[in-house]
Amino acid sequence: MSHTELIRALPKAELHVHIEGTFEPELMFEIAQRNQIDIPYKSVEEVRQAYNFHNLQSFLDIYYAGANVLIHEEDFYDLAWAYFKKCAEDHVVHTEIFFDPQTHTDRGIAFETVLNGLQRACNDAKTKLGISSYLIMCFLRHLSEEAALKTLEQALPYKNQIIAVGLDSSEVGHPPAKFTRVFAKAREAGFLVVAHAGEEGPPEYVWEALDLLKVNRIDHGVRSEEDPVLMQRLIQEKMPLTVCPLSNLKLCVVDDMQQHNIHRLLQQGVKVTVNSDDPSYFGGYMNDNFFAIQKALNLSEAELKQLAINSFEAAFIDNTEKQSWIKKIQAL
Ligand code: HPA
Ligand code: ZN
């Protein structure tokens, strides 16, 4: 089997994908039209041309603008359903999906509208495509901790539909420490916790995510490599990093894919996983991310399998399910 065939054949779990970041321009136009909302682009080509980001903030500005056309439950359903179809093509058999309620509730959309649309797509993904999924609710870190606390309150009645809380948006200047209390409350309420850290922010933010937020996984975390003591901690604790190679390239976290540290992190024993982050904006879904690192870093068959195994080990599914997927990977 060639490396390409192996990548396609591997069952994979995706642990870092923002549902609002899977919004393809074609669907954006369709939903804008039916909701009679003007968008500042004339064509799909013009939208794609606007996607020339040079850092996280320049991406986020466009990403939040795109989300403005999402109004009705059906819109959120269509968005998530389109992503699940991509999962099926890429043999992603399990996914843990971020959503940003504040991006929508701040525009007057009900929390319930967002969650119901996403949940219905998750249910259909299970019955029609055999794909399992969890939802992870992210707090926008450029907003206040008080706003995050209000969002957590809104989520409590839906606790059984949300596996974890996370932290995303503009990293630098908004350290994990800003959200210590809301994460403590979320953990008390029984949510698992994750946080974006060490994407653009320094290793200190990864330390804070571990020590103050007490996260179960770090999202991105690639800048951890700058701190050898932190590296030892991540290795010893088997702390998963949900790495997003094409995202890092598009947002200039790395200059070119040959410079990406995912291979070095893997070789040093960090539990790294491969993920697409915002695939509509960054040039590809799960398999595209695998193809890009394979081409640039020349990973072995065993390393590709290890990345897929890591994705299940780091997932929030039960141990029996993990072992059953891992066995399938080892048998390939
Ligand atoms: N980083 C921070 N916030 C985000 C991202 C990201 O990669 N994608 C969507 N929101
Ligand atoms: Zn992300």
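Every residue, even glycine, has its Cβ placed from backbone N, Cα and C.
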>> Going by the Zn(2+) site in TrEMBL, where HIS16, HIS18, HIS196 are listed, which of the candidates ASP106, ASP277, ASP288 is also part of it?
In response: ASP277
> Taking every protein chain shown into account, which of the recorded positions GLU199, ASP277, ASP278 has the largest tally of Cβ atoms within 10 Å of its Cβ?
Replying inline: ASP277
> Which one is closest to ASP278 (substrate binding site) in space, judged by CA to CA distance, out of the recorded positions HIS16, HIS18, GLU199, HIS220?
Replying inline: HIS18
> Three states by DSSP: which one describes ASP278 (substrate binding site)?
Replying inline: coil
> In Å, rounded, how far does the Cα of HIS220 (site 'Important for catalytic activity') sit from the Cα of HIS16 (Zn(2+) binding site)?
Replying inline: 9
